[in-house]
Amino acid sequence: MTRVIVVDDSAFFRSSITKMLTQDSEIEVIGVAKDGIEGLEKIKNLKPDVVTMDIEMPKLDGISTLKIIMDEMPLPVIMVSSLTKEGAEATLKALEFGAVDFIPKYPGNSLASMDLAALSSDLCTKVKAVAARAKRFPLKRIRKDKVPIISPVKKDFFTSPNHSERSRRDIIAIGVSTGGPPAVQKVLSELPETFPACILIAQHMPAAFTKPFAERLNSMCKISVKEAEHGNPIKNGIAYVCPGGRHLRLDLKGALPQISVVSEPSTALYKPSANVLMESVGKSMGGRSVGVIMTGMGSDGVEGMRVLKSKGGFVIAQSEASCVVYGMPKAIVDGGLADEVVDLDNIAERVASALYK
């Protein structure tokens, strides 16, 4: 049984989230709280496996509460966020401070304003997945004043004797879901502005979140990071984030690769889809590509990666121990597709090395 505490200042959302969670017989809501102070007291006394946390609350807001949890009694926290630019920015900050994931809070105080069945299934799956992961790999304390340690790929890596010639590969495709934003931030922030490849990212995320995500990455990285637009050219030292609710493809216009932002296939389980991205990169770039699958639930990316690998692409999967949820990378490893399985701390360096393989 997975034990959960729900923290939200809205009685409606406390009730709604509790109803969603208790649809699953393997989840028990052991307490609710209307603000961060009450939430901290109940967390200390009841010791849940997972907490859902609203961001905007009186007395003590969600991010301040999260910082205390991760400093004093680390456990998986799933943020509940409004679908606004401000909500997106606060959520991305919460993920950086240790939250494992988030679910959107739709406007309106009626169950009709939500796709309750889909939200319930998604939330219950996330709760059980992060609880199971925390039991195998307990979360570490994150001090409130901690500065992230960055081990950048040095500029001279690309001018050393082993890498002085033009790299063989110049397109990096990344597929990622649960736990992705801080993981992607870590990888991209370690790359130099002279990085000799273009990076395409399919991060499972709502449409309201992807532009703030790209802007936040751009402010923290030496390379440029942008939300992708249809027709963007491929350039070294730039990372493109696929807009939420759309797909990112790489297509050849004559001999030149060009980004396509499209709605089809509409039947894809996820939008953005790692499968769509990987398949298009494999077909258009073949041996010039590196595919990277990072933390996330499910198996999105595995079919597209089969195409990429069959066309000569190099495949990297994130290690189980460094994932928030070991689903998407596990599918790559179990499918025999991974050329390397790499801890998060080493992905930037291994991606840089893969350009020359």
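Every residue gets a Cβ built from N, Cα and C, even glycine.
Lifted from Swiss-Prot, the feature list:
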ACT_SITE  Ser177  active site
ACT_SITE  His204  active site
ACT_SITE  Asp300  active site
DOMAIN    3-120  domain 'Response regulatory'
DOMAIN    165-357  domain 'CheB-type methylesterase'
MOD_RES   Asp54  4-aspartylphosphate
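Cβ neighbour count for Ser177 (active site): 26 (other Cβ atoms within 10 Å of its Cβ, all protein chains included).
Averaged across the domain 'CheB-type methylesterase' (165-357), the predicted model reaches a pLDDT of 95.
All chains included, 28 other C-beta atoms sit within 10 angstroms of the C-beta of Asp300 (active site).
Asp54 (4-aspartylphosphate) falls within a strand segment according to DSSP.
Within the group of recorded positions (Asp54, His204), the Cβ with the highest number of other Cβ atoms inside 10 Å belongs to Asp54. Residues in the domain 'Response regulatory' (3-120) partition by DSSP class (helix H, G, I; strand E, B; coil) as 53 helix, 28 strand, 37 coil. Rounded to a whole number, the C-alpha distance linking His204 (active site) with Asp300 (active site) is 10 angstrom.
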